[in-house]
Amino acid sequence: METKRRLVVMISGSGTNLQAILDACAEGRLPAEVVLVVSNRKQAFGLQRAARAGVPTLYFPLKPYKEAGRSREEYDRDLAEQVAQWSPDLIVLAGWMHILSPAFLDRFPNRVINLHPALPGMFPGTHAIQRAFEAYQRGEIEASGCMVHYVIPEVDAGPVIATARVPIFPEDTLETFEQRMHETEHRLIVEATHKALEALPV
Ligand SMILES: Nc1nc2c(c(=O)[nH]1)N[C@@H](CN(C=O)c1ccc(C(=O)N[C@@H](CCC(=O)O)C(=O)O)cc1)CN2
Ligand SMILES: NCC(=O)N[C@@H]1O[C@H](COP(=O)([O-])[O-])[C@@H](O)[C@H]1O
């Protein structure tokens, strides 16, 4: 019987992309299982999605490190130690809103991927959906999109695994554009995770 690949999914919010991964695993569309869901935010609804799916969760906040005068690198190193105990084949950042330092990334070379709601080289960082919509309204872009990329220290600049174009229409509001973006992301995250799993050494 084929051993399933082990996924750790890291979130900070609602977890709709986590849900897309959980559903794909359950339906056999991803040859993997989510073994742990990590959040840096206690109220992240994605933690409830994980619990409902019977997946172990880890709430790992940065605040105690900040309050103790400890560095982001110490946080990242301890976080990596926690995650490593679950022997992940691949780590998926699905709305994880912390920039990860080499103290984390070096522990999992070429095994951390990230979903970003913009196309390569466009709107790196946070609030990319709103920034793209405002750029469209200024006539600077005709469409946007989303991508999944390998994570390197430079933000949203790692090798691209998959992209998808998301059109913007004159009648759009930010909300209608955002909905179209999220629907596209839910498909892309599964496609890209599948590609990244296939690229892993046997
Ligand atoms: N080293 C990397 N870390 C992360 C990447 C990456 O490409 N390289 N991708 C991000 C996800 N992300 C965009 O896709 C992103 C998330 C958060 C931030 C950011 O500025 N975070 C601030 C805190 C913001 C907050 O808490 O609201 C911070 O970390 O200080 C930028 C990009 C995941 N990590
Ligand atoms: N820069 C990273 C970033 O903006 N990530 C974005 O966070 C959202 C998470 O949604 P979810 O919690 O519903 O999956 C997604 O839109 C994802 O692209």
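Cβ coordinates are placed from backbone N, Cα and C, and glycine is handled just like the others.
Those TrEMBL annotations? Automatic predictions, nothing curated.
Here TrEMBL flags 6-193 as domain 'Formyl transferase N-terminal'. According to TrEMBL, the N(1)-(5-phospho-beta-D-ribosyl)glycinamide binding site annotation covers GLY15, THR16, ASN17. Among the features that TrEMBL reports, (6R)-10-formyltetrahydrofolate binding site is placed at ARG72, ASN114. The annotation active site, proton donor is assigned in TrEMBL to HIS116. The site 'Raises pKa of active site His' annotation in TrEMBL covers ASP156.
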Check: Between ASN114 ((6R)-10-formyltetrahydrofolate binding site) and ASP156 (site 'Raises pKa of active site His'), what C-alpha distance do you get in Å?
Finding: 8
Next item on the list: Have a look at the recorded positions ARG72, HIS116, ASP156 and say which one has the shortest Cα distance to GLY15 (N(1)-(5-phospho-beta-D-ribosyl)glycinamide binding site).
Entry: HIS116
Item checked: Check: same-chain CB within 8 A of N(1)-(5-phospho-beta-D-ribosyl)glycinamide site center, minus GLY15, THR16, ASN17 -> ILE11, GLY13, SER14, LEU18, GLN19, ALA20, GLY46, ARG49, ALA94, GLY95, HIS186
Notebook entry, point to check: Got a sec? Which of GLY15, THR16, ASN17, ASN114, ASP156, the recorded positions, have CB under 6 Å of any ligand 2 atom?
Noted result: GLY15, THR16, ASN17
Notebook entry, point to check: Closest to THR16 (N(1)-(5-phospho-beta-D-ribosyl)glycinamide binding site): which of the recorded positions ARG72, HIS116, ASP156, going by Cα position?
Noted result: HIS116
Next item on the list: Around ligand 1, within a Cβ distance of under 6 Å, which of the recorded positions GLY15, ARG72, ASP156 show up?
Entry: ASP156
Next item on the list: Quick one: of the recorded positions ASN17, HIS116, ASP156, which has its CA closest to the CA of ARG72 ((6R)-10-formyltetrahydrofolate binding site)?
Entry: ASP156
Checklist line | Which of THR16, ASN17, ASN114, the listed binding-site residues, has fewest other Cβ atoms within 10 Å | finding: THR16
Next item on the list: Sort the residue listed as 'active site, proton donor' into helix, strand or coil using the DSSP assignment.
Entry: strand
Note to self: Around the C-beta of ARG72 ((6R)-10-formyltetrahydrofolate binding site), how many further C-beta atoms are within 10 angstroms, looking at every protein chain?
What the structure shows: 16
Margin query: Please report the distance from the Cα of ASN17 (N(1)-(5-phospho-beta-D-ribosyl)glycinamide binding site) to the Cα of ASP156 (site 'Raises pKa of active site His'), rounded to the nearest angstrom.
Written below: 18
Note to self: Restricting to the chain of the residue listed as 'active site, proton donor' and a gap of 6 or more, list residues whose Cβ falls under 8 Å of its Cβ, or answer none.
What the structure shows: PRO124, ALA128, CYS146, MET147, VAL148, HIS149, ASP156
